[in-house]
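J.: So Swiss-Prot has the following annotated:
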type    : residues                               : note
BINDING : 111, 115, 300                          : Fe cation binding site
BINDING : 134, 135, 136, 137, 138, 167, 180, 272 : substrate binding site
């Protein structure tokens, strides 16, 4: 079975083809970072228009990369939510139209389920059950995963997502959009312990997160200590350490609560090297395992959508006749396979 995956939920146009026997056959990705850089963030209207321009040419490029034609595709999977409504509609409309023209099923995919399953694209995929840390610009969630569609929300951010906090703090430090990866690079030059940021909501029971206060703490620290290059690097280090420690503490609690031995980390922030190292160290001490996708599959991409669509189709998902997207879509509402 060969599935064409279409991802257009935000500011990346991702197209991929996944074969259940041969694995990933093609992976095309276009990022709109330069388009939105002058605005300091994603402009929804510009994102939608750029998806319109790029989606079909990238599909053609993916077919060429895989050495396939339209008649070789058995299904089309597209991101149906959550995300920006206009951007989602571009991918959903193209996906549904192609499926109709090619007479194959059109499978709507939950964007965060795509991220959650992305580590299964690797050679050593995780087995169920596991705790999943979904950490990105729009989401920070801990999920108990016992099977496809068997997702229980354990905790989530009550305000900013971790990735959003990274980007906002990076802006305070004078870094360009998207600031998260640049902040991490700056943090690597920082002095450990010069500044100490709080670890929000770790002094009380529960698995929820709160990251908005760290941005305020960073702003106050910058005002009080100047903005020379080393000071900014030290502040970046303190901020990153606080976020990573908070995520690690909550992951440990989730593992203790569920009794699971496997931790899956997914979403854009899961590419963070410090976070990967800290969680790997923690799981080694616990006698467990941590799983994550390669960096290019941590951020938005078509490969995870093609794979998730294939999994859903193989477990009995029905093709959608209409074009429906859901900008807000709780993961727990997905049906169990």
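Numbering starts at 1 and runs along the chain as displayed.
Note that Cβ sites are derived from N, Cα and C of the backbone, with glycine treated the same way.
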J.: Output the one of 137, 138 that, of all these binding-site residues, has the highest number of other Cβ atoms within 10 Å of its Cβ.
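T.: When each Cβ's neighbours within 10 Å are tallied, 137 leads.
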J.: Pop the Cα-Cα gap between residue 111 (Fe cation binding site) and residue 137 (substrate binding site) into the table, whole Å please.
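T.: Rounded to a whole number, the Cα-Cα distance is 13 Å.
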J.: Is residue 167 (substrate binding site) helix, strand or coil when read with DSSP?
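T.: SS state of residue 167 (substrate binding site) = helix.
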J.: Which chain neighbours of the Fe cation site, leaving out 111, 115, 300, have a Cβ atom within 8 Å of the mean position of the site's Cβ atoms?
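T.: Nearby residues not in the site list: 7, 9, 79, 112, 114, 136, 267, 301, 304, 305.
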J.: Using only C-alpha positions, which one of 134, 167, 180, 272 is spatially nearest residue 115 (Fe cation binding site)? These are the binding-site residues in the record.
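T.: Going through 134, 167, 180, 272 one by one, the Cα closest to that of residue 115 (Fe cation binding site) is 134.
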J.: Can you check which residue among the binding-site residues 136, 272 has the largest number of Cβ atoms within 10 Å of its own?
T.: 272
J.: Using a 10 Å radius around its CB, how many other CB atoms surround residue 134 (substrate binding site)?
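T.: Step by step: centre on the Cβ of residue 134 (substrate binding site), count other Cβ atoms within 10 Å, giving 25.
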J.: For residue 111 (Fe cation binding site), what is the tally of other C-beta atoms lying within 10 angstroms of its C-beta?
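T.: By my count, 28.
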J.: Just report the maximum Cα pair distance in Å for the recorded substrate binders 134, 135, 136, 137, 138, 167, 180, 272, no decimals.
T.: 17
J.: Helix, strand or coil for residue 134 (substrate binding site)? Use DSSP.
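T.: Residue 134 (substrate binding site) sits in a strand per DSSP.
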J.: Identify which of the binding-site residues 115, 167, 180, 300 has its Cβ surrounded by the largest number of other Cβ atoms within 10 Å, counting every protein chain shown.
T.: 115
J.: In angstrom units, rounded to an integer, how far apart are the Cα atoms of residue 138 (substrate binding site) and residue 111 (Fe cation binding site)?
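T.: The Cα atom of residue 138 (substrate binding site) is 11 Å away from the Cα atom of residue 111 (Fe cation binding site).
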